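The block underneath contains the structure these notes are about, expressed in structure tokens.
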């Protein structure tokens, strides 16, 4: 997703549909990143006592559905931007916050359990750093700080959107490190996911995202018609 995000921002100066198409591709990549996170958590980061439960069985299928909903809602939000900017922003935030919260339920449980009774898993600290960066990302995105306090002073350096991306990338770094540590520490204690489950889920998510992008590109108008 960082590559798609970089490309979208490079196209951000374009006028008309090109700019919106670039951001829609960015949102689709973020949706697939969320699905990939769910697959990694299901395989390596799930609480041991939850393995084989009904929630574990439906965790990845629900994550696939969330990917489709996230991509659809976030892409559609681009076309609300001109006439209903507040609804556009709220829709886009919801499109990514809800899948993140669902994907992170296993992590929240592990963090709460360790906070209550202590644990020796080294990955928990990294997972907590990832969650903290995700929280910062959300707060920066919604608060528009610091430029709200000093309009114009942070247009080039220190803008909230820049800080948003920095926190997002740092969170992804901690997430990858945590999952890698989980994979090393918990090898043999969790069932190995099948290739069909992994690549099948990613394939369905990717195909649905591409279909949504095609619909957006062909049928929706990102900006109101001139009168």
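Each Cβ is built from the backbone N, Cα and C atoms, and glycine gets one as well.
Automated prediction, rather than curation, is the source of TrEMBL annotations.
As the structure is a computational prediction, the values presented were derived from the model and not from experiment.
Here is what TrEMBL records for this protein:
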- 27-46: transmembrane segment (TRANSMEM)
- 58-80: transmembrane segment (TRANSMEM)
- 161, 165: Zn(2+) binding site (BINDING)
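There are 13 other Cβ atoms within 10 Å of the Cβ belonging to residue 161 (Zn(2+) binding site).
Here the transmembrane segment (58-80) has Cβ contacts under 8 Å with residues 20, 23-24, 27-28, 30-32, 34-35, 38-39, 41-42, 46, 87-89, 91-92, 94-96, 98-99, 102-103, 106, 197, 201, 204-205, 208-209, 212-213, 216, 220-222 of the same chain, all six or more residues outside its ends. Within the same chain, residues at least six positions away from residue 165 (Zn(2+) binding site) with a Cβ under 8 Å of its Cβ are 5.
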